[in-house]
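Asks: Questions regarding the structure given below will be posed in turn.
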Ligand SMILES: Cc1cc2nc3c(=O)[nH]c(=O)nc-3n(C[C@H](O)[C@H](O)[C@H](O)COP(=O)(O)OP(=O)(O)OC[C@H]3O[C@@H](n4cnc5c(N)ncnc54)[C@H](O)[C@@H]3O)c2cc1C
Ligand SMILES: Cc1cc2nc3c(=O)[nH]c(=O)nc-3n(C[C@H](O)[C@H](O)[C@H](O)COP(=O)(O)OP(=O)(O)OC[C@H]3O[C@@H](n4cnc5c(N)ncnc54)[C@H](O)[C@@H]3O)c2cc1C
Ligand SMILES: Cc1cc2nc3c(=O)[nH]c(=O)nc-3n(C[C@H](O)[C@H](O)[C@H](O)COP(=O)(O)O)c2cc1C
Ligand SMILES: Cc1cc2nc3c(=O)[nH]c(=O)nc-3n(C[C@H](O)[C@H](O)[C@H](O)COP(=O)(O)O)c2cc1C
Ligand code: FES
Ligand code: FES
């Protein structure tokens, strides 16, 4: 089966300020193996050239559909937001290695920041299916950018921070760390690099800690060597798109 | 009023093999002054960059609409043919100096070849309105590419040639020259350069002969100096987009 | 205070946007589309001593996000330009850069001397980088000794500031820039076009009658930015950045790379209103990016 | 007779299409997408004597119809490549070009000597044009004396044909090509990337961690075609054309400019199937354009 296909846009709607929910349909959905994998979209615009990577926020293999949540940040996402329902878009994927959902785990902590939050949704769903108790620690810039609160609430405990305090607790996510329980089987995180650094520092010597990294990508499938991250104590770098995007925190240098 | 606008596509349909009729609507139509003027279209595609020039085949100033007939020749015209009715396209124009419709003329000859034929349609209409007797000498490659025969027939006498003889007379247009009447007030022509050369040679020392020229264009309004043609006995070239595209045959060197 | 204003030798500009030589004709066509007083400065098409016909057609070709041109310096020649064309610019309260070219040093000198005496001319721009003429043009711009000598000679006869427009078709643009600086240039314009070609699939020959042509448009933007950055960090001359600009963000990238002002060329063919549109958008975009003033931005970039 | 077949020194290709070094990894990822036996030839990512980490990230950036990269020759080093990676290519019945780089002449010599002894290697491609490393790389490729000396030295120790991959970042590519020819090169690959830059509007610094990067993709196609055309008319070496190819028409333009075969790089990132797709389209397009054979097309172009 080809890694490349045309995916049909079922929905493409703003759900919070500059944050869109994109539902795509296609046979590629069958091939998704783990939450945390991503797809590489070719946005049909004169203003872009390379593909753009987006994590899967959720997928329904019975319906051949998956959901992506994206934020308008630059040219490509701005153009993506213009695409109408019913049109098709070239998709490469699913790509990368996602989160391993260990069925033995009883209690896990999922930490997400900003537009790093989406992949934690499917991860939470998968853990819920296994009967694992899930706590979400989510950080947003402000109330306007808050999304998916109700959806997360259905999956477990949700602790929310906003930088300006306009929703939930006020502060950055690491303010919550001292207040959390201490009996996690594992910690999972996705978000901006400073946040991932804080997560690594705080949790990785106590719990298996998994981080989903972001890097600027060209190919998305391991052939351009554009998206590397240094390995702890090893000389060869790892490729975020192919070896990751999810890594054990102790394995990579941020 | 701006020279640039969004024109709405009212129709974009194949009318002969690879030949499309494009109807555009917009306020620019008001500003059209003469048959033989052209518009410069920005085709919204990743595969093109510059605008593409197309002659006006007809216009209806009461309806704010004009018609362009184009042939698929390369990337841009292929992409243009994809555009759906209802969408809008960036248009620069009307541009250039077209054919002067002298109301004193009683009998004129209009010679067109291939995709140079379209501007002669409006020219014929304008002459008909003035009561001038019009004869069209039209050359096509073959029957498949023949278009607008009925429309032309309503305006005057039509003599048609195809290169392979599959429609009308067989041969190139110049085969007809010796057979034509000799009492024209003026001759008008648009088509491939070899044809224009033959027209110039045969008619320009007997009748005022007007030629509409084609050149590869960048700007379309006289600022890049890309589309020039040499002037007879003068050193400064003329710009096809701004001084033309219609010139007196004796004025330019082909 | 005008946050958009920038001042360069001879060019007191209310904003950093001016058109590029050869992409703006002699101004008139654009003057019919919008008020040229909105622009930071105006510019002429290249002026040579004698009238030039230019190259045979096809002179232009399309490329991915760019175009090739081989106009070949078509212009009416110094005398006719002075007699017939310069007066048009007098109706605008905007500085004028006169772009000049030649086949010999002497030709540059004569043209520079006469043009710098015209009251409407605020500064000269030496085009030593045209890739489309057999003599002079780019050959002047690729040898640092010739650049030094030419600039020095032109400076001697010019009574207005002299900008030197450099070619990117060189192994080391910094070396050429330093030669121009040593020769006394008051500023640098970079870049002119990259040397390129397209083939005609039907004839199997080069598409342009001239064979090669100059590549411009968004495609060349990263090369132009690199040249500006390298030169901004190796000389202290003010730089007019040019090459592929078509958006307000492109303009800001050039200033962040060290340019003091910019020129916009090919983008005018796609959207003739691109210059006033960008000028209009500048302040809002500066606010979004916390940029207080454009002169300040350049200063930071070069510090 | 196979109308698509082309034969170059050491490379008997069933069609003129091969991937470009650095845009195809070490082949495996593409081998999972399609049968690599369809290709005219295979190629390795640059191999250096010692393992290289490459540059810090960001290493890639987008540009209009192009991209910048500053990978910096990341690879596992000669020994590991020979021990672990070359065997993969043995399963294909297609010639292999090994792309090699180094910081010193001696490094190039050792790598060339050892790689040319590997039975799977059909020919070497000397990368003397990488703009993204501090030592060696492009500095080797911009001075004709160094090129001559390096090529001569590598030729002495190589037992397979040697292609020299040239940089377009030079004043006169013909001079460099002639130096490679004089040094004994069996063929030329042109072009490597153009030196470019993008700025990050938020940090106001260069976007790539390395500052500058190499520009590739459709944007550079006209520059690449011009280089191929110039060199094809000034040397008699076979040329592998590269730079911005993404369609079957692009391939034909390169052959019409004088190339004998082509490499496809950046286009693989947009469409990983681009090589087999183009191979598939070649014959139909040749018919439409009345091209009897590709070798004939190149021959005509260079006569
Ligand atoms: C594995 C992975 C998963 C991602 N998942 C999501 C997601 O679920 N939702 C979401 O909104 N965003 C996600 N991103 C980030 C998203 O790819 C960028 O926001 C997007 O590419 C920006 O494109 P742009 O054209 O709008 O921005 P521009 O700045 O105009 O893009 C220019 C170039 O920079 C690259 N780029 C810019 N910002 C980033 C970034 N933060 N990370 C990587 N490349 C960048 C673009 O891909 C493009 O090549 C993910 C990134 C990666 C690597
Ligand atoms: C004043 C004028 C009026 C025209 N009127 C018509 C018309 O009514 N109907 C019609 O079908 N065609 C007309 N043409 C020709 C039409 O502009 C070209 O066929 C069209 O630009 C080809 O674009 P493309 O992208 O399909 O071809 P490509 O070959 O892919 O185009 C590449 C480039 O070459 C230019 N180009 C290619 N062929 C020509 C050509 N013959 N003339 C000018 N530029 C060319 C294109 O504009 C473009 O810049 C006219 C041309 C001019 C100058
Ligand atoms: C059609 C055309 C004509 C040009 N003529 C001149 C000229 O006369 N003098 C000059 O210095 N540069 C000339 N140039 C180069 C431009 O001024 C500019 O340096 C180049 O196009 C890059 O900028 P851009 O990408 O914004 O077009 C010309 C460019 C084009 C496209
Ligand atoms: C990500 C990337 C990595 C590259 N690595 C190499 C390399 O290792 N060796 C080399 O000779 N060229 C390398 N190149 C240059 C390409 O082989 C090619 O010369 C250039 O990209 C132009 O071709 P294109 O436009 O088809 O990509 C690299 C290019 C890219 C984009
Ligand atoms: S994006 Fe190309 S290797 Fe990861
Ligand atoms: S197309 Fe620019 S002057 Fe005619």
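Heads up, the Cβ atoms here are built off N, Cα and C, so glycines get one too.
As annotated in TrEMBL:
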| type | residues | note |
| --- | --- | --- |
| DOMAIN | D:4-286 | domain 'Dihydroorotate dehydrogenase catalytic' |
| BINDING | D:21, D:45, D:46, D:99, D:127, D:165, D:191, D:217, D:243, D:244, D:265, D:266 | FMN binding site |
| BINDING | D:45, D:69, D:70, D:71, D:72, D:73, D:127, D:192, D:193 | substrate binding site |
| ACT_SITE | D:130 | active site, nucleophile |
Asks: State the Cα to Cα distance, in Å, between residue D:70 (substrate binding site) and residue D:130 (active site, nucleophile), rounded to an integer.
Replies: 9
Asks: Listed substrate-binding residues D:45, D:69, D:70, D:71, D:72, D:73, D:127, D:192, D:193 - what's their greatest C-alpha to C-alpha distance in Å?
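Replies: Those residues reach a largest Cα separation of 15 Å.
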Asks: Averaged over the domain 'Dihydroorotate dehydrogenase catalytic' (D:4-286), what pLDDT does the prediction give?
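Replies: When the pLDDT values over the domain 'Dihydroorotate dehydrogenase catalytic' (D:4-286) are averaged, the result is 95.
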Asks: Are there any residues in the same chain, six or more apart in sequence, whose C-beta is under 8 angstroms from the C-beta of residue D:191 (FMN binding site), and if so which?
Replies: D:129, D:166, D:167, D:168, D:173, D:220, D:223, D:224, D:227, D:228, D:242, D:243
Asks: Would you mind ranking the binding-site residues D:46, D:70 by how many other Cβ atoms sit within 10 Å of each Cβ and giving me the lowest?
Replies: D:46
Asks: Checking the spread of the FMN site as listed (D:21, D:45, D:46, D:99, D:127, D:165, D:191, D:217, D:243, D:244, D:265, D:266): what is the longest Cα-Cα distance, in whole Å?
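Replies: In whole numbers, the farthest two Cα atoms are 19 Å apart.
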Asks: Under a criterion of Cβ-Cβ distance under 8 Å and sequence separation of at least 6, what residues of the same chain contact residue D:265 (FMN binding site)?
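Replies: Listed in sequence order: D:19, D:20, D:21, D:22, D:23, D:216, D:217, D:242, D:245.
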Asks: Can you tell me whether DSSP puts residue D:127 (FMN binding site) in helix, strand or coil?
Replies: strand
Asks: To the nearest whole angstrom, what is the C-alpha distance linking residue D:193 (substrate binding site) and residue D:46 (FMN binding site)?
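Replies: About 14 Å separates the two Cα atoms.
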Asks: Counting Cβ neighbours within 10 Å across all chains shown, tell me which of the binding-site residues D:72, D:243 comes out on top.
Replies: D:243
Asks: Between the binding-site residues D:21, D:127, where is the Cβ count within 10 Å the lowest?
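Replies: Among the binding-site residues D:21, D:127, the sparsest Cβ neighbourhood within 10 Å belongs to D:21.
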Asks: Return the count of C-beta atoms lying within 10 angstroms of the C-beta of residue D:193 (substrate binding site), excluding that atom itself.
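Replies: Result for residue D:193 (substrate binding site): 29 neighbouring Cβ atoms inside 10 Å.
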Asks: Sorry to bug you, but what's the C-alpha spacing from residue D:130 (active site, nucleophile) to residue D:45 (substrate binding site), rounded to the closest Å?
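Replies: Answer for this pair: 12 Å between alpha carbons.
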Asks: Residue D:45 (substrate binding site) has how many other Cβ neighbours within 10 Å of its own Cβ?
Replies: 25
